Amino acid sequence: ELFLQTAERYFMVGHRVTYYVFTDRPADVPSVPLAEGRQLVVLEVRNYARWQEVSMHRMEMISNFSRQRFLREVDYLVCVDVDMKFSDQVGVEILSPLFGTLHPSFFRAPRESFTYERRPQSQAYIPRDEGDFYYAGGFFGGSVAEVLRLTSACHQAMVVNQANGIEAVWHDESHLNRYFVYHKPTKVLSPEYLWDEQMLQRPPFLKRLRYVAVPKNHAEIRH
Amino acid sequence: MRCRRLALGLGFCLLLGTALCFLWVYVENWLPFSYVPYYLPCPEIFNMQLQYKGEKPFQPVTGSLYPQPKLLEQRPAELLALTPWLAPIVSEGTFNPELLHHIYQPLNLTIGVTVFAVGKYTGFLQHFLESAERFFMQGYRVRYYIFTDDPAAIPQVPLGPGRLLSTIPIQKQARWEEISTRRMEQISRHIAERAHWEVDYIFCLNVDMVFRNPWGPETLGDLVAAIHPGYYAVPRQQFPYERRRISTAFVADGEGDFYYGGAVFGGRVASVYEFTRGCHMAILADKANGIMAAWQEESHLNRRFLSHKPSKVLSPEYLWDGRKPQPPSLKLIRFSTLDKATSWLRS
């Protein structure tokens, strides 16, 4: 509810927006009043036993629905986490064929300390001397065609990993990072676009916090 | 008896009518397009729809090793790297040439270059082409389009593999301003009739220039402009925009991003088509009102870039005036004027 309310206030105001909410509990989706030209579509999907699986299957679901509907219905796709809220403007400055967001914990770190997947047997493997940035799994997007390519590639990689009995250290985020090393994004969003005020101290050069984590009780949600 | 003759008559008329229809259609397609006075835009040519050429998807960039980009390290005392509308401003230090080459090379692109060498300007071709062969888009397929009134005067410059030269014959005009201004029309026409089949990107360059350092895929973009070397440190009120309100190239005092040079512009072939076509239309409108803009087509180019922002801007490294001393902020001059005495050339 907070996500949608703040999105109505800050996200792409003045543009046509369709929220695609993937859920296994359609009845629990709140009715938040939406401004003109904006609509909400509920896509019913299955749940998974482990939260890691839920996270990883996002890639599969986004790629499937992209093919089936998003290509025809929207121009750009923005894929974001729900346990967040918008706290300042997020507008057309983010749009680009393919964009990623800098993870707030790693934008100062040297590449060797990025939490990339480091096991060569994993499909998400990135060697220590490669990599530009550590991107966050919770905010990426682009044109529907590019997002389809990205999510399909990540999903394929995860299927192969599963067959080999290995799961990447940060799940879909590891695969996203690997994709971005070899398919450079055309635009990169600063950590203004994904921040956690509780975990991190805000540096002076971060002028605005636009999309921030909502404090949550992990144990309770993941039961 | 009469019925049969009537039927025959009707049948004959029908046949004749159909034959005439076919003949009309055939003749209409065969007759060459008749000349229309210059000041009247011809819908056929100027509204040519370009065939849609599918977007090439990004190819994976395979293992290229380079230092990690640093988010927090500011480049000391350097040029602005991004315009307010988020277009990159390209200069030495803002990009990694090997990495870009890795990204662009597999796309098998062909880059077109239009250059006008009319009258005595053919004398510049030798140096232009030789330096281009050394520095321009090395490792890519290149197509030079030399627009000239004297094809025989084109020097034989050996070209590298995958690089071709085509001659486009044009008429010489009485005044050099005419020659300069007509370029927009000729470029857009050429793209519609030919270039869009042959190249992916196209650059429109002045011939009286020489490449001095590498010019590579960092310059590729949807619509690319270059900052004029004479005005990059000057406030916008002093830009030599066309200031007469009656002209279509008019720019008001409080407006303007950069003053772009008419000697370098380019981009995706479809975008350059739209750009040059738009400029040409504006030039025609001015012509109908008996006015020629202060800096000819450069004024119109600037007017158009104001409302159709370029997606990439080249720093004055890519368009330098050889007579000016190189300032410390410009690390690598890549394309600059060849010294010439303008008076004898324009006589």
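Glycine too: its Cβ is placed from the backbone N, Cα and C atoms.
No curator has checked TrEMBL annotations; they are predicted automatically.
These features come from TrEMBL:
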type     : residues                       : note
ACT_SITE : B:E298                         : active site, nucleophile
BINDING  : B:F116, B:A117, B:V118, B:Y121 : UDP-N-acetyl-alpha-D-galactosamine binding site
BINDING  : B:D208                         : Mn(2+) binding site
For UDP-N-acetyl-alpha-D-galactosamine, residues beyond B:F116, B:A117, B:V118, B:Y121 with C-beta within 8 angstroms of the site's Cβ centre include exactly B:V115, B:G119, B:T122, B:F124, B:F147, B:T148, B:D149, B:I179, B:V207
Using a 10 Å radius around each Cβ and counting other Cβ atoms from all shown chains, which of the recorded positions B:D208, B:E298 yields the largest count?
B:E298
Given the binding-site residues B:A117, B:V118, which one has the fewest other C-beta atoms within 10 angstroms of its C-beta?
B:V118
Reading the DSSP string in three states, the entry for B:F116 (UDP-N-acetyl-alpha-D-galactosamine binding site) is strand
